[in-house]
Each structure stands twice: as structure tokens, then as C-alpha cells.
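Report on the structure given below.
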Amino acid sequence: MQILLAALVAYLIGSVSFAVVVSSVMGLADPRSYGSKNPGATNVLRSGNKKAAILTLVGDAFKGWIAVWLARHFGLPDVAVAWVAIAVFLGHLYPVFFRFQGGKGVATAAGVLLAVHPVLGLATALTWLIVAFFFRYSSLAALVAAVFAPVFDVFLFGTPGHNPVAWAVLAMSVLLVWRHRGNISKLLAGQESRIGDKKKAAADGGAQDGGKA
């Protein structure tokens, strides 16, 4: 019962879509209506509002971090922490508050990894930054970081074995790659948008939806 309750709370925390909330508060178009239609920081950046994108990034990462931190703060066993990690991540992917139309989980996964172990989170984030800096593709950076996260985990803690948190990290990585399957096709076809690209639809949407709740 304790694990179920912790996972439920984590899922609800993850279901808060900061991309949608921040955009609404700042009078911007719903990020699900333009660009990649993904409610995440990279797509919010396409609106041209860097502040909104940063707030989205921080908010999505924070909810992943706080869910796992709380689980450990209250002394829950590793199996509960693992389920909390997966639940908050799934909450972001399929948020109950937003008709289950969620993001791809990059920032939330980063927050989870930082809470699991700061070095694990920082190593994965650094991997994302390096790939993003050289190639300017957020999706490619996310895919590479997702592949390397379990590898970093093995280097830090050894093979997963009976460590449920390590298996949770692996599960999140697999889910994150699966959520980027459309991006993989675009990358292979040379049609993927680069970081910082602004969509005319975003600007038009912002002008039309500005001031709406």
C-alpha cells in the first residue's frame, strides 16, 4: 500500500505540465498547438520566449527531482523509490490533468537522475549538452543521453542485479527512446528541427491565443 500511494502521488506530481501551465500564465499559445506539438522546453523555445522555455525546463526537471527526493527523505525502500521514479516520469508522458497528452520526458528524467545520484544526473545532462552544442538537435541529444544513462549507472553502481532503482533508470531510458521514435524518423530523413528554430505557427498562435487562460 505504501508503494502504491507513493507511486500515485509521484504520478500526480509528474502530471503537472509546466510547458502548458507556463505558456498559459505568460499568455503564450499552447505548445501542443505548434511546432512539434510537444509540451516541452524545446518546443516552448520555438515560441521565441526564452524565459518561458527556461521556466518549463526547470519546472519539469524539478518535479522529477522532488518526487524521488521525497521518497528518499521519508525513508522509503529502494523498490518504492524505483516505482516513484517511473511514476513521475509516466505522469509527464501521460498527464491525467491534460488529457494524457504529455511531453517526451527529457527534463523530468534528468531531474529523477539528479535525485538518484548527482553524478549520474550531471553526467547524463553533460552528455545532452555536448551533443546539443555540436549538432543542434535536441532529440538527438536526448537519444544519446538516454542510451548513456544506464551505462553511467553501471559505471557508478555496478550491474543492476537486484537494484530496483537501476532497473527504473533503464526503463525510463527505453521509454524515452520510444517517445522519440518520430524524431528518429525525421533525423534519418533530414527533416528534424534544430534547437532555436522558430515556427511561424508558434508566432501566429501566440498572437491569436495571447491573453487566454
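Note that Cβ sites are derived from N, Cα and C of the backbone, with glycine treated the same way.
Taken from Swiss-Prot, the feature transmembrane segment covers 3-23 (among others).
Residues of the same chain lying 6 or more positions beyond the ends of the transmembrane segment (51-71) and with a Cβ under 8 Å from any Cβ of it are 6, 9-10, 13-14, 16, 18-19, 21-23, 26, 28, 40-42, 44-45, 80-81, 84-85, 87-89, 91-92, 103, 107-112, 114-116. The transmembrane segment annotation in Swiss-Prot covers 51-71 (among others).
Annotation source Swiss-Prot lists transmembrane segment at 78-98 (among others). Under 8 Å from some Cβ of the transmembrane segment (78-98) lie the Cβ atoms of residues 2-3, 6-8, 10-17, 20, 39, 60, 63-64, 67-68, 70-72, 104-105, 108-109, 112, 115-116, 163-165, 167-169, 171-172, 175, 179, all in the same chain and six or more residues away from its ends.
When Cβ-Cβ distances below 8 Å are used as the criterion, the transmembrane segment (115-135) is approached by residues 64-69, 72, 81, 85, 106, 141-142, 144-145, 148-149, 152-153, 156-157, 165, 169, 195 of the same chain, each at least six residues removed from its ends. Marked as transmembrane segment by Swiss-Prot: 115-135 (among others).
Listed as Cβ neighbours of the transmembrane segment (140-160) (distance under 8 Å, sequence separation of 6 or more from its ends, same chain) are residues 104, 106, 109, 113, 117, 119-120, 123-125, 127-132, 166-167, 169-170, 172-173, 176-177, 180, 183-184, 187, 192. Positions annotated as transmembrane segment by Swiss-Prot, on the basis of sequence analysis: 140-160 (among others).
Long-range contacts of the transmembrane segment (3-23) within the same chain: residues 29-32, 39-41, 43-44, 47, 52, 55-56, 58-60, 63-64, 66-67, 71, 76, 79-80, 83-92, 94-98, 102-103, 108, each at least 6 residues beyond the stretch ends and with a Cβ under 8 Å from a Cβ of the stretch.
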